[in-house]
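Novice: The annotation domain 'PAS' is assigned in TrEMBL to A:326-376, A:449-498. The domain 'PAC' annotation in TrEMBL covers A:401-455. Annotation comment: TrEMBL describes A:609-742 as domain 'GGDEF'. Sequence annotations record features per position, and here TrEMBL assigns domain 'EAL' to A:751-1005. The annotation transmembrane segment is assigned in TrEMBL to A:12-32, A:294-314.
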Amino acid sequence: MNQHTRQLRKIFAFALLLFISGMLTITAYSLWRLRAETVTSMLEMSAMHSRSFESFITQNMRLVELTTFNVANMDSRNKNYFNIERFFVANLRNNPAQRSISLLDEQGRIIVSSNRANEGIIVNTDEYLPVQTQTQTKSILRIGRPWAGRDFISGRPTTHQTPINAVQSNFIPVIHTLSFGQRKVTLLTAFNPDYFINHISQILKTEEGVVDIVRYDGTLLLSTDLTELAGSLDPYNEPDLNLNSLETGQFLQKNHNGRSVFTSFRTSQLYPFIVFTRIDRQHAMQNWKTEAKILIGVIIATLIALTLLVNAFYRRQVQLEAERIESEKLQRINATVFGSSADSIIITDIYANIISVNPAFCEITGYTAEEAIGQNPRFLASGKQDENFYKAMWASLRSQGFWCGEIINRCKNGHLYDAHTTISAFRDTEGHLQHFIGVSTDITERKKSDVRLRQAASVFLNSQEGIMVTDAHNLIVDINPAFSHITGYDYQDVIGKNPGILSSGKQSAEFYTEMKASLEAHGSWQGEIWNRKKSGEIFAERLSIDVVSKADGEIDQHVAVFSDISRIKAHETELDRIAHYDALTGIPNRRLLGDRLNHTIARAKRSGKSLAVCYLDLDSFKPVNDQYGHATGDLLLIEVTQRLLKILREEDTIARLGGDEFVILFSELGKPEEIDRLLDRVLTAISMPVLIENHSLHVSASIGVTLFPADTADADTLLRHADQAMYQAKEAGKNRYHLFDPGLDREVQARRTKLKHINVALNKDEFVLYYQPKVDLLTGEVIGAEALIRWQHPEQGLLPPAAFLGLIDGHDLEIEIGEWVIESVLKQIAVWNTLGLTFPVSANLSANHLLQVDFADRLQLMLERHPAVKHEDLELEILETSTLNDIDQAAGILTQCRNMGVRFSLDDFGTGYSSLTYFQRLPVDTLKIDQSFVRDMLEDPNDLDIVESIVRLTQTFNKSVIAEGVETLEHGAMLIKLGCSHAQGYGIARPMPAGKLPAWVEQWRHDEPWLTINIPTEDSKNISLIIAMQNHIKWLDNFVTLLESSSDTPLSNKTSHQCQFGRWYHSSGFARYGTLQEFKDIAPLHDAVHALSDELMVLANDGHRAIACRRLPELYALKDLLLTQIQSLIKALE
Amino acid sequence: MHIYYLCLLFTALFSPWLSAAENTTFSRLDKVAHADALRVCIWPDYYSITYRNPKTQQLSGIDIDMANALGKDLGVAVHFIDSSFATLIDDITQDHCDIAMFAVGITLARKTKLRFSQPNLISGVFGITTKSNRRITQWSDIDKPDSVVAVAKGTLHEAVMKEKLKSAQLLILNTPFAREQEVQSGRADVFMTDFPYSQQFLTKSDWARRVSPPNNYPKTPYAYAMQPGDDDWHNRIEKFVRDIKKDGRLLTSAKRHHLEAIIVP
């Protein structure tokens, strides 16, 4: 019971109590009033009866007086007793109150009576009241005590002690005396009390009340109460009535039965009797009681009814309240359902205008409630349903008040969705249509899901893979056609059975235990398994088992999908063989070797013994192939393999890497010396002649060996090390083995480290460019500068290019650094241009860099980044020694770049193998003569010839030429003489930081050093011959000096071809003067000089230095002959 | 109107002679038709049968109705002649009336003098006493030494009481309403009467009380009395009695006077 209900109950209880109290109070008051009124009215009625009865009786008695008067008159006229008697009878005829009338004589004897039987009877009237007194009244009526009996003749007078008996007839004697002087007429009348009783009883029923007529002395004359006996003393005995003063009165008293009575009394106006009317109180109040009962009954009934009504009303209110709460609750629930339902709900009025939608509607359709309300739901129509669809829908709604179906609607964003919709007509209790309620479930997903299910079913049916579904007890519940196809078991064969019927017995119990564990742990298992078909055939299958769990995590089903992989297995085996074994020889190939090597390394680590990795390459195998064909080569390889297999131990491995390369792993070597013995056997076995197709073939092997764990490396590295060692064995002369030197390898590692450092240096901007000016020695003009890279190493100081450029050859860094140089040069040109220095600046370009496919584009970008720089001011120097693998590509790139305006030069010209080819094919502007030629040209006639040739070459092809390595002005002078005025070198200026260059230019121009150059006057044509001759003289002097010195240093000497003169003579000298006889005659002399010098040297080295010194004059003589011959050549040339 | 009175006078003067003269030759039926009047003897004190209300002088009662019915059947006027049980035989035999129609009890004595129709009513004897009479509460209380029983002279009750009473004193009265006065004044204890009288009397007198006899007490059939002989007349009256019983006139009238309990079917 809630607060509200308790309060309601209090209010109802209080109101009811108040009302009942009021009603009861009013009722009680009314009853009290009514009772009082009843009492009053009863007393009044009692008094009224008394008056009425008194009057009635008195009047009847008065008739006696009239009769007496008549009799007195008759008597006076004629004393005729017969007439009197007839008079009496006639008188009685209409007067039932009187029973008999008698005339008395003076003695009280009846002398005439209406009843003749009475005559003669003497009646004693002494005790009649009022008492007879002396003072006679003219007329007096006296009442006697009642008599028992019908008449005087048959009756007797009563006393208080002897009243009449209950059933006896009785009468009241009344005597009336008329006095006329002395004469008296006395009539005795017997009054019939029954007449009065009947009269009174007619008016006042005995049960209502009784009337007593009492003589003044208390004698009861008559009573309507049949239990009271006339003649007795009035049982009420009301002695306190003061009858002389009090004529009437009323009071409440108890009768002799103890009942309360309302008593009123009234004395007769004329005669000595009193009328008592006693209304029975109980009876009198009966009406009041009845009314009171009725009233109380009605009131109580009313109150009970009211209470019941109120109670019912209260209960109704409580019920209504409960219903209201329930209804509110229901409404809240409805509202919650409405609000939280995942289904879209639309409520419309009877005209199908939307009046309410729920949030799910908004969510599904994208329309807000405000947009939807007031609309007809057809605004969602997709147009996919035709007119008939909606007609049918409305027909169903009209006839059944209900429609249910699927409908395609359109969201606000235009997307269509499938909805399962139920529309109900909502009617009020009277059946009037009020609303339509539409509930839609978005079943787009369900439909998709259906499609997916169909797809899944299709997959199940059409899958080429066998599918088997088992239940939680692992009994088969479903299979697909592919299952039957693969295993041969049809549906009826396997349903309800354990998949163990497929078991082939090839898998161990552990296998299945593991499978089960995987299923329990991961809910799935994949693997390959051997199973048995119905036919008994065993096949391999790839099996995937997944556990399908219920929501509570319990296993519901297992789904096993498998495919027959017998063929794949066979194929795999074949592939594995192909993959791991050499097709030709059947021994492991490189891949399997890798595995074996790893295993062997692991084993070696465990055993602590050594492992030898031997890289074997056949020597002279290619000629066999070339000479006898590949078939023969292959047979040779097979034979070699067979031989090797014979001498290998069981724990060893041999593999063919391809071609004529083999690797042998010798494991479990106790001592390193063991390997020598083993390898000797290998070399011996291979070097034995092989007889193939009547050819006796002879091959040998070069073997590189590395020992693990002495060479602590991984498998790949060990192989590489062995390979390196094999090359060294080859280099060392083949048919031998070479042990890998780990120390050497460390150098390679060091190079790698340096590359890293270079990369870091580039990123840290540790490289700087130094510039070396190029000048025209004739005019003194600064014609350019070459940028030369330096590494400002933080620890080692400034490093020259040779310290690092060699390392990056062929490396990506080469490109990066190359670009950095070009970029820096362009920046520098711009800077110098602002200072008024406007000469081309060159940067060195590696061949690799040049051959980058996008080189021209990237150069273009760099130039564009420096728009202030004239393209002609950038010159790129291609190192002539660089290997330009694709000369056509290089030419193309150069052409592209030259079209931009950039100029090119071939650097170090003359040092490469293909100088002329390059010169011919590459569109360069300038050749740079390598400094080695320039530096030595003053001493070495060969170099001089080369320099001269190059200069001439440039003149021929109309290119510029510049000489590097000009260390002195003498060099400069020689160059000018040879026709090359452009020069670069220490003799002019050392490379310097960019900042110092402007000052240097200033200084150079100021000092004008080029003016001091003395150009040689000799004929430039024979300069090389003269120099050659001078060289020979110098060499001989040196030899003599050494021979004569006393040191024990062994002497070495060059052959005649090897000395400078000899080289010149056989190369450029022969080229120039070979046709001249004078030149030809020099050679024997020169050879003789060398022969003698060799002889002397041998003597000296054999400890006969003194003897050798003594033969020096022979040498001097030969020298003079040679010089003479040269002079004759010079003369011939002139 | 004059002719009517002349006829009456004529009839009064000559009818005894006429009747005597034509007694042998003419049926009373013819005489009645000739006279165009039916003389009916009634007892005007007879409640419910032939009672004349002293205040209005109107006659009422079942036999008043039947007499009128008979007159109507015969097509003649009805003249009611006051009679009483004391004078009944004389009134009939002396031709004071053509028929006595006041519930005349068929007694042996009367049958010697009168001719009766078939009875139409039947009634027992009833006593009337005062309400205040303490001695007589039932029938058996009546025949006691002290009791005084009043009857009307000439009635069948006189004969019955004379026969039945052993101890009680019988008081035979011959004045109108004398019985009632004697009982009311206490000079008699009870008077005897029949059902129709007692019934009507009790309704008028609030002091009176009826004392009924035991069930086996003899009952007397009531019929119409005529002179003996004259079969035509008798037959006509018999026919009339049959008619009124048959056509319901008797019952209708009996109901009106609360006598349906005692009609003879």
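Cβ coordinates are placed from backbone N, Cα and C, and glycine is handled just like the others.
Note that TrEMBL annotation is computational and uncurated.
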Novice: Could you tell me what the rest of the chain brings near the transmembrane segment (A:12-32), counting residues at least six beyond its ends with Cβ under 8 Å?
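Specialist: Those are 288, 292, 295-296, 299, 302-303, 306-307, 310, 313-314, 317, in sequence order.
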Novice: May I have the DSSP-based helix, strand and coil counts for the residues of the domain 'PAS' (A:326-376)?
Specialist: 26 helix, 9 strand, 16 coil
Novice: I'm checking region-level scores; what's the whole-number mean pLDDT for the domain 'PAS' (A:449-498)?
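Specialist: Within the domain 'PAS' (A:449-498), the model's average pLDDT equals 88.
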Novice: Going by DSSP, how much of the domain 'PAS' (A:449-498) is helix, how much is strand and how much is coil, in residues?
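Specialist: Split by secondary structure, the domain 'PAS' (A:449-498) comes out as 25 helix, 10 strand, 15 coil.
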Novice: Taking helix as H, G and I and strand as E and B in DSSP, count the residues of the domain 'GGDEF' (A:609-742) in helix, strand and coil.
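Specialist: Per DSSP, the residues of the domain 'GGDEF' (A:609-742) fall into 59 helix, 44 strand, 31 coil.
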